[in-house]
Each structure stands twice: as C-alpha cells, then as structure tokens.
C-alpha cells in the first residue's frame, strides 16, 4: 500500500467501523417501528407498541390533550415479549395475528447473515494490518458490501411487513412511523456499502499509467 493510499484506507475503515456499530445497535434493539391503535372517545389511556427484529414492547400511556396516543417516550406500564416463533414460551398474542411470521423470520435471518459478513470482514481487515498483507483488504471490502446489502434487504422486508400489517383487516394498529433503530440500519447500510466499495478501490493494485507500462511494474504488495 502506497503512503498516499494509507490515510484513505484508514478513514474508510473508520467509516466502516461506525457502520458496524450502527448495524449491531439496529439488530439488537427493538425500536424499528412504533405503532398506534385506533382511539375511542371514551378512552383515557392507550396502548402503543414498538418492535424490532426479535420482540415487541407495548406501553399503556395516558392520552394527550389532542387525543393522540404518544409519543412512545411518555411514562407508562411497559411489557416486552419475544415473538412466539422465536420463543414459544413467550406470550405475544396482541401482535401474533397481525404480523407476518414469514417476513419477521426472514428479516431476522438476513440480519444475522449481515453480522456474519461483518465478522469475516473485520477478521480479514485485522489480518491485513497485523500481518502486513494488503491483499486481504479486498475480501474484507466485499464482506462489508455484502453486509450492507443484507441490511438493505432486511430493511425492505421489515418495511413490507409493517405495511402489510397496517393494511390488514384484523389489525388494531392504524398509524405507524419508523424509529431510531430503523434509522441506524439505514445509516449502517450506506456506510458499509459505500465504505466497502471505496476500500476495494483503494486496495486494488495501481493500474498502468502509460502504454508501455504493465501491471507487473506496480509496486509489489507485502
């Protein structure tokens, strides 16, 4: 790696590191979407919900002056449970009939693949610096790109799941919005995908600049 490319690689890896932290935060948290139910005029409280890839949390909160349910950050009685298809011993009847089981399992499984690609990419990147083997940055970059693509697919599956749930005739939820976990996953996708492509370009051998040069004239990699 040439001295001019080393700073670019370090900056790119720092951006990828931020993407890794955001991706892990999104996968383990349960604020991908926030749901609000239909409100009756005589109600004084409402039960809002937020959920992620693995579990749903409901919170009973007092209605505001505008008769709206929320925001979800208001104090109230909170109850969290894992989705029944992940933990049969848990009870989540309030959500079980309105969610799409296949969508939920698919989004969670794809996110696990993303974390696996992140681990393999990080191992390659560490070996590239510790063993002075710059060529390992190329597979590392591809692993990061694959991780970003998996996150994108997981985001789209989750978005379709929420949309189908809201459109269902059996659901009690009529309003929703995506929360900070979803935003973390979106930011992680951008950082990992663009960072992986940039890292791949920076780690490629120098191309010939003149017609009489060849790739064999480039500086050897260590």
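Keep in mind that glycine also has a Cβ here, set from the backbone N, Cα and C atoms.
Annotated features, as they stand in Swiss-Prot:
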DISULFID  57-80  disulfide bond
CARBOHYD  43  N-linked glycosylation site
CARBOHYD  79  N-linked glycosylation site
TOPO_DOM  30-108  topological domain 'Extracellular'
TOPO_DOM  156-179  topological domain 'Extracellular'
TRANSMEM  11-29  transmembrane segment
TRANSMEM  109-129  transmembrane segment
TRANSMEM  135-155  transmembrane segment
TRANSMEM  180-204  transmembrane segment
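Geometry remark: residue 57 (disulfide bond) versus residue 79 (N-linked glycosylation site), CA distance 6 Å. Mean per-residue pLDDT, taken over the topological domain 'Extracellular' (30-108), amounts to 70. Around residue 80 (disulfide bond), taking its Cβ as the centre, 15 other Cβ atoms fall within 10 Å, counting all chains. Under DSSP, residues within the topological domain 'Extracellular' (156-179) fall into helix, strand and coil as 12 helix, 6 strand, 6 coil.
Scored by C-beta pairs under 8 angstroms, the transmembrane segment (135-155) has its highest count with 180-204, from the stretches 11-29, 109-129, 180-204. Neighbours of residue 57 (disulfide bond), defined as other CB atoms within 10 A of its CB across all chains, total 17.
If you draw a 10 Å sphere around the CB of residue 79 (N-linked glycosylation site), it holds 14 other CB atoms from the protein chains shown. Following the DSSP three-state reduction, the secondary structure of residue 79 (N-linked glycosylation site) is strand.
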